[in-house]
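Everything on this sheet refers to the single structure shown next.
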Amino acid sequence: MVFRIASSPYTHNQRQTSRIMLLVLLAAVPGIAAQLWFFGWGTLVQILLASVSALLAEALVLKLRKQSVAATLKDNSALLTGLLLAVSIPPLAPWWMVVLGTVFAVIIAKQLYGGLGQNPFNPAMIGYVVLLISFPVQMTSWLPPHEIAVNIPGFIDAIQVIFSGHTASGGDMNTLRLGIDGISQATPLDTFKTSVRAGHSVEEIMQYPIYSGILAGAGWQWVNLAWLAGGVWLLWQKAIRWHIPLSFLVTLALCATLGWLFSPDTLAAPQIHLLSGATMLGAFFILTDPVTASTTNRGRLIFGALAGLLVWMIRSFGGYPDGVAFAVLLANITVPLIDYYTRPRVYGHRKG
């Protein structure tokens, strides 16, 4: 028998980057399906636009850097970046917005730092924030869920609105955003923040059609539950660890509960925070990015808790209704500090 001498490491992880990225893409299917059901075909069109833009942008930069295009594109990271950005923006946003945001995310937020594994900030959230700051009106023009919508665009209408701004019958975004009460609709979080600032009581706000859902708002509660299902599957597949999602959701729920108990007339109830906006998408698909999140177990708990606190503060007191993207980027800034103070002690070394 011949024994081959090899250098360490002797224990190998069989899961390559492309495999993990593929698992995340598959886990996103329930969330995508829910958004398609409640908000129409625009979500699918945005995903296709973002995916093509991400692959082309990544290929262009790799070509300029004289690196292997095919080998890098196979890791599926560009596709995941495009997907996360596409599901975060309104389904009928103009086509050039998702292209601009995706190209910025891939080229500036990822490749400019050296590519996958080198970027300090989540690329998809960088692209989202750039779009939100630059085009706030378009980025907050969400359609009402089909449960309370008057006009539900079909596949052809969705394409026409995205590329031309109006449907074949001449309808525009203002028409499509009308709810059953004849008022243009926004997300539950946006509606709550705007109504509170206008002096409406929480009891009055909860009577709006957008809050006709069982838990947290028409459509959005099921979208978040779908992303939660995908996240649980990722945990079961061991593609992500439990520390960040758990600490994020527990902290957000705790802050929301305390705030609601102390100020029920101005702050949203915990179920609205947990099941509205991008809460579950952020908890399981964005914050768990292995490149931009903390790398130690204690650090992951701190990182997730910090993000949860920031989301609640931005939603409750900030100028933006959701806040997940800003919370993720602010938490990304603290990762080097968190990792420095939570790294495990080398065996045999004493403190001091």
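Glycine is no exception: its Cβ is also placed from the backbone N, Cα and C atoms.
What Swiss-Prot lists as transmembrane segment is 20-40 (among others).
Remote same-chain residues near the transmembrane segment (42-62) are listed as 32, 35-36, 68-69, 72-73, 78-79, 81-83, 85-87, 89-93, 95, 98-99, 101-103, 105-107, 110-111, 143, 153, 158-159, 161-162 (criterion: CB distance under 8 Å, separation of at least six residues from the stretch ends). What Swiss-Prot records for 42-62 (among others) is transmembrane segment, and it gives sequence analysis as the kind of evidence.
The transmembrane segment feature in Swiss-Prot is assigned to 78-109 (among others); the stated evidence is sequence analysis.
Cβ atoms under 8 Å from those of the transmembrane segment (123-143) belong to residues 39-40, 42, 80-82, 84-85, 88-94, 97, 100-102, 104-106, 108-110, 149, 153, 173, 176-177, 185-187, 190, 286, 320-321, 324-326, 328-329 of the same chain, restricted to positions at least 6 beyond its ends. The annotation transmembrane segment is assigned in Swiss-Prot to 123-143 (among others) on the grounds of sequence analysis.
As annotated by Swiss-Prot, transmembrane segment applies to 148-168 (among others), with the evidence given as sequence analysis.
The annotation FMN phosphoryl threonine is assigned in Swiss-Prot to Thr187. According to DSSP, Thr187 (FMN phosphoryl threonine) sits in a coil region rather than a helix or strand.
Taken from Swiss-Prot, the feature transmembrane segment covers 214-234 (among others), and the record attributes it to sequence analysis.
Summarising the annotation, Swiss-Prot assigns transmembrane segment to 242-262 (among others).
Tertiary neighbourhood of the transmembrane segment (267-287): same-chain residues 24, 27-28, 31, 84, 87-88, 122, 124-125, 187-189, 192, 202, 215-217, 220-221, 224-225, 227-228, 230-232, 234-235, 240, 244-245, 248-249, 252-253, 256-257, 259-260, 293, 303-304, 307, 311-312, 315-316, 321-325, 327-328, 331, selected by CB-CB distance under 8 Å and a gap of 6+ residues from either end. What Swiss-Prot lists as transmembrane segment is 267-287 (among others).
Marked as transmembrane segment by Swiss-Prot: 301-321 (among others). Residues 132, 140, 186-187, 189-190, 192-194, 243-252, 255-256, 259, 267-268, 273, 277, 279, 282-283, 287, 293-294, 327-328, 330-331, 334-335, 338, 342 of the same chain lie 6 or more positions beyond the ends of the transmembrane segment (301-321) yet place their CB under 8 Å from a CB of it.
Here the transmembrane segment (322-342) has Cβ contacts under 8 Å with residues 88, 120-122, 125-126, 128-129, 132, 187, 189-190, 277-279, 281-282, 286-287, 292-296, 298-299, 302-303, 306-308, 310-311, 313-315 of the same chain, all six or more residues outside its ends. The transmembrane segment feature in Swiss-Prot is assigned to 322-342 (among others).
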How many other Cβ atoms sit within 10 Å of the Cβ of Thr187 (FMN phosphoryl threonine)?
22
Close approaches to the transmembrane segment (242-262) from elsewhere in its chain (Cβ under 8 angstroms; 6 or more beyond its ends):
231, 235, 268-270, 272-274, 279, 282-284, 287-288, 293-294, 297, 300-309, 311-313, 316
Six or more residues beyond either end and a Cβ under 8 Å away: which residues meet both conditions relative to the transmembrane segment (214-234)?
23-24, 27-31, 33-35, 38-39, 144-148, 187-188, 240, 245, 271-272, 274-277, 279-281, 283-285, 288
